[in-house]
Structure formats: C-alpha cells, structure tokens
Amino acid sequence: MKIILILVLVLVVSINALNNQFLHISDVHYSSAMNSLLYNASVMCIGPTVTKEFDHKEHEDLIEDTERLNLPTNGLYGRYGCDTNQLLLSEVISEMLNVNSNPDFIIYTGDGAGHGLPNGPWSESQSTLAKSLYGAYPNTQFIPTIGNNDVFPDYNSQCNDSNLQFLYETWAQWIPTNQVSSFLYRGSFVVSPVSGLTIISLNTILYSVKNKNTFSTPQDPCGQFAWLEQQLIAAKQAGNSVYIIGHIFPGLDPFYLQGTWKSQYQTAFFNITSDYQTTITAGFFGHIHRDEIRSIQFDNPSLTNNHYFPMFIGSSITPVYFNNPTFKQFTYDSQSKNITDITAYFSDVYISNLKGHMNWTEEYDFVSIYDIDNQYGIGGDQLNSLMERMVSSNSIFNNYDNFRSGSYLSDSPSMTCLINAATIDELNACTYIAANVA
C-alpha cells in the first residue's frame with residue numbers, strides 16, 4: 001500500500017513539475033469579420049497585386065493539382081494580406097497544444113484584434129480570442145501585454161481610460177488580484193509564474209511615436225517608469241531574474257528605419273534598466289510581424305563592462321503583412337532563467353490552403369541553426385556575437401532573413417546593423433563602418 005501511495009505521489013509531482021519551457025505568441029489580429037474565402041472589399045485585405053506566392057517553386061505542383069481537381073480551399077486558412085480568420089485561429093491554438101499542452105507559462109505580446117475594425121467587431125474579436133486561449137490553457141499562467149490594436153482607436157492609450165477597463169474585463173482571468181489597480185491605471189502589471197522569475201508587462205503604447213495623447217506627467221506617462229523601477233528593485237532584492245515584455249520594442253522599425261518610441265522615453269527606459277543589467281535576463285516584444293532579435297548595449301558610466309539587452313521579437317500569427325503564421329517555444333535554465341534555446345513553428349498559408357489542412361513544421365532550432373554556445377544561455381552578448389557573424393557570413397544572414405517572415409519571402413530592408421542600433425545615429429555609424437570594412 002505504501003509503495004502504491006509513493007508511486008501515486010511521484011506521478012502527481014511529475015505531472016505538475018515544470019518543464020522549463022514557455023510559449024511566445026504575438027500579433028494574432030483575429031477578426032470576427034474576416035471571411036478570406038470571399039477576398040473582396042468587404043474583408044479589408046491588402047491587395048493581391050503585391051503578393052508573391054507564385055514565386056515559390058515548391059508551390060507549382062500544388063497549383064497544378066488544385067486547378068486540375070478544382071479544390072475549394074483557396075483562402076480557407078486565410079490569405080497573405082488578410083488578418084486571422086476563425087479557422088486559422090483554431091488551428092494555431094491546436095498546434096500550440098500539440099507542441100506543448102502544459103508550458104510553464106505563455107507570453108503574449110499584444111495585438112489581438114484585426115486591423116481597421118469598427119468598435120463592435122473589435123470588442124467581439126478581443127473577447128473571442130481571450131475565451132479561445134483561456135479555453136485551451138485554463139490552468140496555464142497566460143501573460144498578456146497591450147498592443148496598439150488592443151486599444152480603440154488604434155494607439156489611443158491613456159491613463160485610467162475605458163480601454164483599460166475593457167481589457168481588464170476581457171483579461172481578468174490573467175491579471176493577478178494585487179495588480180488590478182496598476183493595470184486599470186496604466187495598463188501594466190507584474191507576475192511571478194515560476195519561482196525565481198519576475199515578468200514585468202509594460203504598456204509600451206504609452207511611449208509610441210504614434211500615440212498623440214498628452215499626459216499630466218509628460219516625462220513619465222501614467223507613472224510607469226517609476227513603477228517599473230519599483231518592480232526592478234523588488235526583483236533584485238528577492239534575487240529574481242526579470243523578463244520585460246511589451247508590444248512595441250525600444251529601437252528602430254525595420255521597414256521605416258525610424259524610432260518606435262519617442263526618443264525621451266527610450267532614453268528614460270535604458271537609463272533605468274542599465275542599473276539592473278544583471279537582474280534583467282531578456283525582453284520579449286512584437287509589433288513588426290517579423291521574427292527578429294535586438295541586442296542593445298546598456299550605457300552605465302559607473303560600469304566598465306556594460307552588458308547587452310537581448311530582445312526577442314515575436315513574429316505574427318496573422319499573415320496580413322505577407323508572412324506565414326509563426327509562434328515559438330523557449331527553453332530556459334531552471335536556476336538562472338537564462339534562455340537556452342528557441343524553437344520556431346510555422347505553417348505555409350498557401351500550401352495549407354492548397355492541401356486543405358495546415359502543414360505545421362518546425363522552422364528552426366536556434367542553437368543548432370546558428371551554432372550557438374548556450375552554456376551560459378542566449379543573452380545579449382551571444383546575440384551581439386551572432387550579429388557579428390552575420391556580417392561575415394551570407395549563409396547565416398540568409399537564414400535569419402528567411403526566418404523573419406516565417407519562411408515566406410525575404411522582404412529585406414533587414415540589415416545586421418539594426419540588431420544593435422537603438423537610434424538612427426547608431427544605425428548610420430554602424431552602416432558606415434560596415435561599408436568601409438567591406
């Protein structure tokens with residue numbers, strides 16, 4: 001009897017044990033109004049003339065089969081240029097469960113609703129997405145952050161406004177009770193999903209160059225910087241590692257080559273975080289619908305060896321900006337909480353539609369594809385070294401550029417200098433050096 005009891009206890013412990021893995025999804029942009037089978041003006045898609053799906057040689061045989069068999073699957077799982085429909089959302093969640101039905105936690109870096117939706121479909125889409133994710137992972141700590149399409153209208157984030165009230169009502173199951181007041185006031189909260197780890201969810205829309213609101217404390221909108229430093233102090237005192245998550249990362253947009261944050265807010269952010277270089281392990285963001293990395297060097301004059309801040313930018317679920325749906329699974333060290341590997345999963349929308357089922361595939365294993373020494377984790381220094389290797393290796397850069405769009409087509413305004421340039425001046429300096437070295 002004692003042996004049986006021990007076996008049962010071991011089984012229970014093993015079921016509840018951490019697996020040192022978490023999922024990261026971003027930019028779902030689910031639209032309850034999306035019917036991509038129609039593909040007309042009513043679905044608000046980007047015009048098909050800019051798509052390049054026929055350029056893929058591996059599509060040719062499937063195209064012939066589709067035409068010969070007259071398969072009614074075109075647009076079934078969405079289209080390049082269109083936001084996420086109901087079937088694509090369901091298939092993404094199904095594949096997430098297939099990859100890991102019991103992750104330690106899930107990071108969601110914002111933008112749940114489709115683009116350009118009126119208020120009614122916008123709120124309906126937000127609610128449906130939250131219910132779908134919670135229904136699939138009812139016992140998993142899900143950690144969201146606010147995207148520019150999570151507020152109405154777009155980028156309209158203020159202190160203590162109706163958007164925050166709506167999002168709290170939609171995300172109440174994920175916001176810790178002791179963080180409700182912070183979320184309702186500024187849209188940020190902190191949570192510790194596993195022992196030794198603090199995750200800080202920032203409302204980065206407050207800092208966006210596209211946020212036209214004025215604030216009573218313009219140097220610190222909604223007091224979020226002061227709040228951030230309080231959380232970093234508490235985490236450091238507790239001996240916890242910190243992940244910072246947000247929607248819009250501080251740095252340069254790869255398409256417009258412009259700052260994503262207003263410059264004074266980016267400076268303030270790095271001034272604060274540079275004092276906690278050994279506490280902050282990584283940052284996770286989204287927004288640009290591309291799988292990218294950033295490694296920005298901290299600048300603390302009191303230190304002789306400033307570290308690099310590693311940022312992992314999530315590619316998107318929606319194929320609206322001509323990419324394949326992608327999500328990632330991160331593996332982390334149980335003690336240091338350093339990231340030790342990343343596995344990305346994608347599905348080719350065009351092939352999925354032609355075959356009539358989603359063709360999910362492991363896109364890459366970060367450590368293997370980039371030959372990373374992860375003995376001490378994948379931190380800012382490792383990402384900076386990878387950037388330096390990209391400069392001298394076309395094959396490494398080409399892999400990175402291909403993965404940016406979920407293995408669709410490279411649209412490369414991408415350049416290696418973007419990885420560790422936080423400002424236009426830094427980008428220009430890096431580009432000048434690279435050109436002269438070459």
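For all residues, glycine too, the Cβ spot is worked out from N, Cα and C.
Annotated features in Swiss-Prot:
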BINDING   ASP27, HIS29, ASP111, HIS289  Zn(2+) 1 binding site
BINDING   ASP111, ASN148, HIS247, HIS287  Zn(2+) 2 binding site
CARBOHYD  ASN40  N-linked glycosylation site
CARBOHYD  ASN160  N-linked glycosylation site
CARBOHYD  ASN271  N-linked glycosylation site
CARBOHYD  ASN338  N-linked glycosylation site
CARBOHYD  ASN359  N-linked glycosylation site
SIGNAL    1-17  signal peptide
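Location within the structure of each feature annotated in Swiss-Prot.
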| residue | record | Cβ within 10 Å |
| --- | --- | --- |
| ASP27 | Zn(2+) 1 binding site | 29 |
| HIS29 | Zn(2+) 1 binding site | 27 |
| ASP111 | Zn(2+) 1 binding site | 27 |
| ASN148 | Zn(2+) 2 binding site | 20 |
| HIS247 | Zn(2+) 2 binding site | 28 |
| ASN271 | N-linked glycosylation site | 14 |
| HIS287 | Zn(2+) 2 binding site | 25 |
| HIS289 | Zn(2+) 1 binding site | 26 |
| ASN338 | N-linked glycosylation site | 18 |
| ASN359 | N-linked glycosylation site | 14 |
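For ASN160 (N-linked glycosylation site), the same-chain residues 6+ apart in sequence whose C-beta sits under 8 angstroms from its C-beta are LEU184, TYR185, ARG186, CYS222. Cα proximity to HIS247 (Zn(2+) 2 binding site) (within 10 Å) is found for the following recorded positions from ASP27, ASN271, ASN359: ASP27. Reduced to three states, the DSSP call for ASN148 (Zn(2+) 2 binding site) is helix. In the three-state DSSP assignment, the secondary structure recorded for ASN359 (N-linked glycosylation site) is coil. Among the recorded positions ASN148, ASN271, ASN338, ASN359, the residue whose Cα lies closest in space to that of HIS289 (Zn(2+) 1 binding site) is ASN148.
Here ASP27 (Zn(2+) 1 binding site) is positioned 20 angstrom away from ASN359 (N-linked glycosylation site), judged by their C-alpha atoms. Each residue contributes its Cα atom, and for HIS287 (Zn(2+) 2 binding site) and ASP111 (Zn(2+) 1 binding site) these two points are 8 Å apart.
Taking the mean position of the Cβ atoms of ASP111, ASN148, HIS247, HIS287 as the Zn(2+) 2 site, the remaining residues of that chain whose Cβ falls within 8 Å of it are ASP27, THR109, GLY110, ILE146, GLY147, ASN149, ASP150, THR204, ILE205, ILE248, GLY286. When the recorded positions ASN148, ASN271, ASN338 are ranked by how far their Cα is from the Cα of ASP111 (Zn(2+) 1 binding site), ASN148 comes first. Taking the centroid of the Cβ atoms of ASP27, HIS29, ASP111, HIS289 as the Zn(2+) 1 site, the other same-chain residues with Cβ within 8 Å of it are SER26, VAL28, GLY110, GLY147, ASN149, GLY286, HIS287, SER316, ILE317, THR318, VAL320.
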